[in-house]
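A short write-up of the structure that comes next.
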Amino acid sequence: MIVTYNWLKEFVECDLSTQELGDLLTMLGLEVEGVREVGGGLDQVVVAVVEERRKHPNADKLSLCKVNNGREILDIVCGAQNFTAGDKVALAQIGAVLPGDFKIKRSKIRGEESCGMLCSERELGLSAESEGIMILPSDLPLGVPLFDALGLKDTIFEIGLTPNRADCLSVIGVAREIAAKLGKRITYPGHAVVESGEPVTQKATVIVEDPELCPRYTARFISGCSIGPSPAWLVRRLEAVGMRSINNVVDVTNYVLMEYGHPLHAFDADLLENSTIVVRRATDGEVFTTLDGQQRTLTAGDLTIRDGARSVALAGIMGGENSEIRDTTTNILLESAYFNPSAIRRTAKRLGLHTESSHRFERGADVAIVTRALDRAAALLAELAGGTVAAGIIDVYPTPVSHRTIRFRVDRCNALLGVELSANEMKALFHHLEFTTVTVEPGIIDVTVPTFRVDLEREIDLVEEVARLNGYDRIETTMPRARVFSDRPTKHQRMERRCRDLMVGQGFNEVITFSFMAPGALDRMMLGPEDGRRSVVALRNPLVDEQAVMRTTLLPGLLEAASRNLNYRSLDLRLFELRRVYLRVEGEQLPNEPLVLAGLMTGRRYPEGWNQEKHPLDFYDVKGVVEAVLDAFSVSGASYSSDDTDVFYHPGKSCTVKCGDLILGSLGELHPDVQDNFGIDQPVFYFELNFERLLSAARAASAVVPPSRFPDTFRDIAILVADETPAADIVRCIDGLRIREIESAAVFDLYKGVHVPEGKKSIAVRVRYRSTEKTLSDDEVSPLHQKVVDSLVAKLGATIR
């Protein structure tokens, strides 16, 4: 934000030096990033008069001039053609240093001596462009420094504002802060509007179809305007704050924008169909040409200003080429409105169109100042463009905004800041900020915040206001009063750390992905319309469309991370993430947020090495990782059942992980189409476990059992079972016998083919026996083994081979 000292002084009485004012603003939280003096160091540029002008003898385009500076008459060579003898001009005398470090010296130009230079506005830093030298008013005294004579000496402050301080995006806003700090009252500009003629309602009609995005829309009608250049004072004031003069009408809207901080827009009323304004959302795919001549494609979420037939402006951002102010414009419809900040931000960001107007609406304009800014601009247009303001004002304001009231505790504020201010002292500070207060009871105040302070919502915000206005430098340094507790992790945190250590120990790298995802990510996962993970929590104002909803699964984030790494030629990946997902609960305001452990594997089983075979990962590798996790948390009795519920897995190459009736998660190879959708062209294996359920299924640590001192013995069984019988059912059947001497049972061979009937498979199981009391003999093992065989035959329909 750029402000000038002279402009600030119009609203607040202030005699601080430039340095003092800069320090004051910075201590108020308005950081001064730069200070520039206008006219500083230009005391050698004075008012002079051209006594004589004649042609240069050696150059057709140069003139020899006799110039009187009030003390002496100097010879000056000048190339400008826009002056005559008798004109008062700006003379840069010998020794003057102009902007750009241009030093004026005595010189000879085409053989003639020149003892100075007649200056243009551009050469003095008063304008970006100029034609010829400055011609000054005839009543200015000779020899007086130019910037003193014209009152142009000024100081420009460049202020870096934080996004929450929308109220300071104006000269009045900054002046209000200065007045509050100095304990003075701000003087607002007068804006008495002289109205005449027909009422405005007979000149124009305004319809707001979307009051949610446009809570307030006001307008005035000014007829008989004459478009032309703005007066010098207005041009210079705009240029001082970095704005280019266009014409008197546009300059007035820009002037009020910088003065009040509220954007306005002027339409050529004769170009509006039926003199009608309709505020509504754009048609999806609509093409609209803005003032900069660019064609922009709109969406149904963009708010537009339309006339009776077409869009004429992008609400709060930029006007349209089809209704702009032209040299022939005579009748003007002047708009002053309040638009929803989120809607303006989304449209401006999507279109890549950032303007002074959108900058202010995005941060939150003042809905209460709409008519004041409108009247100020209308009064200036009547004065500077000769317009006639129609009687009345159109004000569409269906639901007036109420002032926010915040409960404030004096003791709490003192405790937080380490100060000792009384309630009356704090109330005085609030009154300086134009807040109103009501004492509810001793030490408790209800503070009503004006609408221009959209950033104040909670008690702590008011505490900050007290700190700012009372002075950060008045807060004494004290030791914090706090009880120190040891930072012991909770049991849940210890389990999370243990899980991460386990995954790293298995060769995985932890990744942290965004908690948001694109809605299209679920389509790329091929989830069906009835899948609960499609019921997402949407963000009201996402930063980007790719992060518009909260994630319901960790898979998209891991796949995108894998895709990026594969593009970098990291072909062997093991990634995991232990984070929350967000599942919408019907009838609940907040989603369920379970903690989920997910892992992704792709590439080779072992790192590249001279002694390692290049075995690719397969289903059993990812299953082994899940088994290791379950073992680490002492989850016993886990089962793996084939299940094609999750369509993002390869059919027949996935399973559901259960502990009893509790579903812990799933694992398997991803569907090739899902891999393609994420730009991956090699097999990917994935698992996902609900960490909360995993912990609930975990057993308490069991007592240490010393290993047996006696040798083991084993027996192998080869059986035929149905093709769909999981091998895990065989092991589970043996474990279910609860025979104390059975140490372990494991499948070591699987065979299908010759001598095995269709629909059957041959599985070999090794059962290991051991006693903790003695060495088992064959006679003791045989009956135990027979029980195993009988159980397999009875429960699984197995045939012994």
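Glycine residues also receive a Cβ, built from the backbone N, Cα and C atoms like all the rest.
Remember, it's a predicted structure, so these values are computed and weren't measured experimentally.
The Mg(2+) binding site annotation in Swiss-Prot covers D455, D461, E464, E465 and rests on sequence analysis. Look at Swiss-Prot and you will find 39-147 tagged as domain 'tRNA-binding'. The domain 'B5' annotation in Swiss-Prot covers 401-477. Taken from Swiss-Prot, the feature domain 'FDX-ACB' applies to 708-801.
Neighbour counts of Cβ atoms within 10 Å were compared for the binding-site residues D455, D461, E464, E465, and the top value is held by E465. D455 (Mg(2+) binding site) carries neither a helix nor a strand DSSP state and counts as coil. Cβ atoms within 8 Å of the centroid of the Cβ atoms of D455, D461, E464, E465 (the Mg(2+) site) belong to the same-chain residues R453, L456, I460, L462, V463, R468, site residues excluded. Across the domain 'tRNA-binding' (39-147), DSSP classifies residues as 2 helix, 43 strand, 64 coil. Taken through DSSP, the domain 'FDX-ACB' (708-801) splits into 28 helix, 32 strand, 34 coil.
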